[in-house]
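Per Swiss-Prot, these features apply:
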type: BINDING; residues: CYS248, CYS315, CYS322, CYS325; note: Zn(2+) binding site
type: COMPBIAS; residues: 1-23; note: compositional bias 'Basic residues'
type: COMPBIAS; residues: 1295-1305; note: compositional bias 'Polar residues'
type: COMPBIAS; residues: 1354-1366; note: compositional bias 'Low complexity'
type: REGION; residues: 1-25; note: region 'Disordered'
type: REGION; residues: 1290-1366; note: region 'Disordered'
Amino acid sequence: MTSSKPKKSSRVRKTSKNSKKNNKIIMPTLAKTPPSFKNKVVDKKALKNLVSWAYKTHGTAVTAAMADNLKDLGFKYATQAAVSISVEDLKVPEAKQDLIGQAEAQITSTEECYRLGEITEVERHTKVIDTWTETNERLVDAVKNNFNQNDPLNSVWMMANSGARGNMSQVRQLVGMRGLMANPQGEIIDLPIRTNFREGLTVTEYVISSYGARKGLVDTALRTADSGYLTRRLVDVAQDVIVREEDCGTERSIVIEAEDGKFGSRLIGRLSAEDVLDSEDNLIIPKNTAIDPSLSKTIETSLISTVNIRSPLTCEANRSVCRKCYGWALAHNHLVDLGEAVGIIAAQSIGEPGTQLTMRTFHTGGVSTAESGVVRSKIKGKVEFSSKAKIRGYRTPHGVEAKQAEVDFLLKIIPSGNNSNKAQKIEVTSGSLLFVDDGQEIDSDITVAQITSGAVKKSVEKATKDVICDLAGQVRYDKVLQPKEVTDRQGNITLKAQRLGRLWVLAGDVYNLPPNAKPVISTEKNVEQGTVLAEASQYSEFGGEVRLRESVGDSREVQIVTTSMLLSNFNLIEESTHSGEIFHLESNDGTIYRLNTSPGSKISSGEVIADLADERFRTKTGGLVKYAPGLSVKKARSSKNGFEVSQGGTLLWIPQETHEINKDISLLMTEDMAWIEAGTEVVKDIFSQTSGIVTVTQKNDILREITVRNGSFHECEDEEVLNRFTEEGQLVNPGEKIIDGVDNNEILFVQKLETSKSKGLLLRTVEEFNIPDEAELPELTHVKQEKGPSLGLKAIQRLSYKDGELIKSVEGVELLKTHLSLESFDATPQMTIDVETIKDKSNDSINRLNLVILESILVRRDTISDSSHGSTHTELQVKNNQQVKAGDVIATTQILCKEKGIVQLPDLVENEPIRRLIVEREEDKIKINITGKALVKVGDRVVDGDSISEGEKATSCGEIEEVSSKCVTLRLGRPYMVSPDSVLHVKDGDLVLRGDGLALLVFERQKTGDIVQGLPRIEELLEARRPRDSSTLCKRSGVVQIKEGNDDESVSLSVIERDDSINEYQLLIGQNIMVSDGQQVKGGELLTDGPINPHELLDCLFTDIKDQKPLMDAARESISKLQRRMVNEVQNVYKSQGVAIDDKHIEVIVRQMTSKVRIEDAGDTTLLPGELIELRQVEDTNQAMSITGGAPAEFTPVLLGITKASLNTDSFISAASFQETTRVLTEAAIEGKSDWLRGLKENVIIGRLIPAGTGFSGFVEELASEAGPHPDILAEESGGYRRAQNLRPDYTVDMPQSPTVSSTAILDDPSDEDLETTRNRHGIDPSSSNFAAFARPNAENQFSEDQLPDPAALEGLQEEGLLSDE
């Protein structure tokens, strides 16, 4: 039986032939390269290159074998001698001490400049940090040289150098110096760690060092999470990008420019978009050729600067990328296969290195703008600027005075004398710094200029730093400062310096005066030690009797009794109990009050001081409270004290004894509803105290409580009578009929009782308590004074329980309490009332209670002087028990002078007390003897090293106070340099203490130091976030016009556009203009500095190009410019961290972000305004409109962040599985969307084979021509995919076979030439190969002993040559 030969099956990838052919060109030539002998040290990098070379040249098998041999070699030597590190291997270079010494010398000179007020605090900080950074770099070189020359086989050096473990920066910390660290705010601490881990850190260094270490750990933890989420978003946005076409046939391409004549790896694996010709028009690379490393080299050697290549950005394949535009798959360096999921590969390639990126960079505090392009003089000679030179003064960040070039010009150094040397020429670019003057004679090797290359205007930001005073004294301004008052929008007035100048603090002893002190001495007066400088007095507010107390701590207390109230008609009785002392007040009529407070304590107004001990309102047991009509209380329950009675009356009390038991029911010794006598045992060990009817409450056989209610029970069957009463009970007045046979001649409380045995009424007796309207008060309970506070006692009656409240208790309770409360009027809150005891004047054995209001005055103790206060001396002006009036002086404090000198009072300001004064002492001046004529006059300020006379120089900084023929007197001082626009915190003539803030320096620092770096920056770019304070971009091309405003600050910037219309731009405060007047600008160019908003950029580009080109081209061009910018920005972040990612990966992602446009006006199309739609789709629609003559749709391109793009994909299944599931699914349902299952994600979710790899189904046309006996595959095609019901994972080869055997051929029809090549490549001999080599085992084709295939089928296979005779 012969098997029917199927035609070529549908799974044939026709394209693979082409790719083989392409590759065949290169493979054999490479394979024939002769073996080369590499004689050099092989480190990690060389090893990497070696393996990669082997793989490219000789394929997998050879590489695997070679890698194995390399491994064996490594192990062999590792077993002979291990590379381990001991402390001895950490060798500190000897040059270290010299380098640190040099740095310290530099810093000392910087500090000296700062001390002399030549540079500002900011400049000092910058210089110090730069010095240390430079030292650290030089030390790294020293470490390298030390190892290289003295110990090249050192373990540490070998590991770091070969790249096996560690890197130079780690070795630097081990044997160099740890270097500068940042504090938690991210600012660099200008104290570096000079030691290394080998020498050991000091305690201070250890603490500083651990800041950075902790930050590192936290960073790493956050980084992994962030990077993982980034990868997820990237995968989601690009998961449906699959290589689906051979060639999209586009004519568009992107341009790659060489950097410094090199392309690096940027061309490798890309296809040329057009023929590449050299300078002589010879063809180097034909169109559509893959560029390999050797071709890339050829291009570089031909000095070609730009190459047009194909890119996923310009690919026109619908919803996918074609092979030609994508280029090589970097896994095997051959053209990418059809069906490859390049989107996911791109996402992983960008997301994976995320963990290696740092999170945040340090705010360097305006640090290290590396000295770019420093030019030194090569010869001795005279400097000459060309005629067109324009320069202006400039101060460098290190405080060096220099000049800045405003235009490009040529600078020459003409050799001096008869020197035969040629003149040195220096090209000075605009923005460069010059350190020499025109016509200046200079020596060789002098720094002449610092040439800046590229964009001069760096984006800067404003930062501030405080200037803190180092010594006490008086502030003086230099005239150059020209401070002016500036009012901001909120109306606050600040003082600002207009020019660079010095702020002086002239030394002196500054005294802080207490709040109410007044100076008692005039200015410019000589004082001795101990002279009184100022006095402060303390007064009594209300007057009264003085009491002097013993001093406490560092102050004495003077008490003045302003009011006192003696309770002369009460005896104070003291009782001792086991819990302490208890005091009672007994009045003359025998009433006893319990005192709530004890003598010696302090109380405040309104507090209860005593309770009436009243037995009249005490009950025997618990019970029910009822208020009779007439008795009323104040609504609010006053705290925990009960309800205050507002009107007296009768309180009714129905006794009831309640025992809380909570024991087992078996202990009950009486019955429910039984009548018992007082003293009956109701539960074991519990006895009733009253007679009455027992009620038992129980739950789950637990006895909860037993109630004994007094009264009598009357059985009654009459429903009418029973219904008049309730179980809660109600009061019945005397004489009212209740039930036959019962006379009631008193108030009764009647309750209805129903039990299982009987029904009836319980009549209970009621006790009455009469409550008076007003409580009785003892006499003399009020003291009034003409001035000052007064005292009074008030009696308050409070009921403890509210109307209808049931008190569950066995013991009795107190129903009414009478409180004595204390009230004081006109007392200030800080006054307290003291409780005292006094012996009775006539009888010593009797104690009385005295209440007093005290005014307490703390009198300062004498103090010894300290740095900011003089010594003080305090005198009391009153005696004990003296009567004083309100406003009398109680004590005066004098501030005494510490040392002799001259007093100066600050200038008086209206209504402001003098808070400080200064004494200029002898030690604040120095005398300098002079021989020649004095060169200075009184009031001049000099710094160290300034000439004072013809022979003498100043030895200190200060102000000249007097000049005579013999000597000059200098008052010591300290200058502080203040930069323009700094905020001054002190005025001229103010007195300051050490540590006070003098000014706030406002300086500009380059933003490069602390822009968002690393992961957050990548996220910012890919999410297309709008940055804060973004720059102003030019909307349309034109010429810039800049006009100065009326005041110094404001500037208006406008652009005169092509059609002569003027577009004015609003500038924000603090934005720097990046263009000059008259400059030609294009749409999308920066007008001011700051981060670029990508959405605005796209908008500006589109608006500008749209004026000159048709809509479609404008959209394409603007998108293309933005795409290149995005790719470069992302690359910059990764490159700065040393991570290499191929451009094509980023391009795939950026393509997804920029593929949509927003419809502005639908024209005659069926699109909706505001709809986001693929550019390609709009293009097709508009083309159709142009044929039919309808109005096309107007649109603008949009940039979507990766999250937005993921949610806006065509597939709602994919979008819903990403974020906002409910919203996405709801909208899809309302719109009746269909999901065409094009991407990977949607197929995975519903459990189909994914349309990539083997599940990729190729093109319809090919399938149609090759379908052979299985046309059903094409039964219903949608978008190049098979529908679910027809989807087969593989194409089955038809073979006659027994029902028990089925095989799924992996490779297709044996006649296929691909099969031949595969066999040859794998070295498979068809005659000897077994069937299994071509069949994928599945559940059905596992042969078992009793299940051999039928002989006829085997015969057929043998004929095919698929089975050997065995």
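Including glycine, each Cβ sits where the backbone N, Cα and C put it.
Keep in mind that this is a model prediction, so the values were computed, not measured.
Structure coloured by features recorded in Swiss-Prot.
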residue	record	DSSP class
CYS248	Zn(2+) binding site	coil
CYS315	Zn(2+) binding site	coil
CYS322	Zn(2+) binding site	strand
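Considering other CB atoms within 10 Å as the measure, the emptiest surroundings among the binding-site residues CYS248, CYS315, CYS322, CYS325 are those of CYS248.
Using the Cβ center of CYS248, CYS315, CYS322, CYS325 for Zn(2+), the list of other same-chain residues with Cβ within 8 Å runs, in sequence order, GLU245, ASP247, THR250, ARG310, PRO312, THR314, GLU316, ALA317, VAL321, ARG323, LYS324, TYR326.
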